[in-house]
């Protein structure tokens, strides 16, 4: 009987590693995005189920306290590593050693066996996680979120390929992780094909959406709350402004749409909600200059990142949310939009093929030709019955992707990897 109890025991404390971006950061700014949301939502719900979570992240300011309580049972631990300030993500590998030292030093202040498991997010965190997990004698669970070989295979024009150090680091990480978490079946396939991961090493667990915050509501009221008149056709982009996310595709598509139907200009708004990020689109005026050159500056509205509650209003106000990314391991924005009852027009890439039910809750487009996006946008505006059909199905599709399911399935993985401690770590594979 004791063996059965050990096999099903829930770990008491998990060390989560989010080196390059803090869960306290506002999503949509810098390197903060869907991964930040994932770490926060999972940590909160793990704590509600009795699993304490410490999130280790790099300190970006000297005045940050060593520990900040994010929620009951969830602490964010700021680790000094390299100079303060926002650093280019590609330079952070140079500061792995002090970061790892800081993690080990923090753990050494506790009783032995303080952590039952390490969960790394992104390859940099995984590098630190490998060392910490082996030092503490606990399993390493790794979520890649994005992968270098996948990104390099679908670069936007002008984007730079991921560095060789990341390629080698990801190869090493896949070999050493006890369990890999893939967001979708497509990501699991990529882990096998590009990195040689074994089937039994991978667990496919889709991320979720907060269905209490992101829920349907009156479009007219939402338009008023964000300062737009009733009848506005809002084409919405949400995310970091970087080439990978391709906000320029939406602006070019809007120009093609207005060329096709000039009568739309008086009620069309292209909303870009998000902050500047890495990936080659750092010039503050790049999108506004593009809009001006295409003659659509009068309909383009660029807004900073919003709180979750405010963002939900943007989704509700939109006629359609456009996600034209070149690569996505999942596509949280697409799911949030659908949860609010707004259909999605997205690129047929990566996790977006799971996040969007093509022809049911949205439409997937092959490639990144603005004319193809313009054609689909025109249909959604010109055929309200078609858009209404998609909008009605969107919340139903999003409801299958709640965070409770994500955390339940992650807990199953954690249990398998932590019990019994006497077994080899490879047993959780």
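Even glycines carry a Cβ here, placed using N, Cα and C.
On a predicted model such as this, the values are computed, not experimentally measured, just so you know.
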Residue from 307, 342 that Swiss-Prot also lists as binding Mg(2+) with 315, 316, 318: 342
Sparsest-packed of the listed binding-site residues (26, 36, 306, 342) - C-beta count within 10 angstroms: 26
Spatial neighbours, same chain, of residue 328 (UDP-N-acetyl-alpha-D-glucosamine binding site) - Cβ under 8 Å, 6+ residues apart: 347, 349, 350, 351, 352, 355
Fewest-neighbour residue among binding-site residues, criterion Cβ within 10 Å, set 20, 245: 20
Mg(2+) site shell beyond 315, 316, 318, 342, criterion: Cβ within 8 Å of Cβ centroid: 219, 222, 234, 236, 312, 313, 314, 317, 321, 337, 340, 341
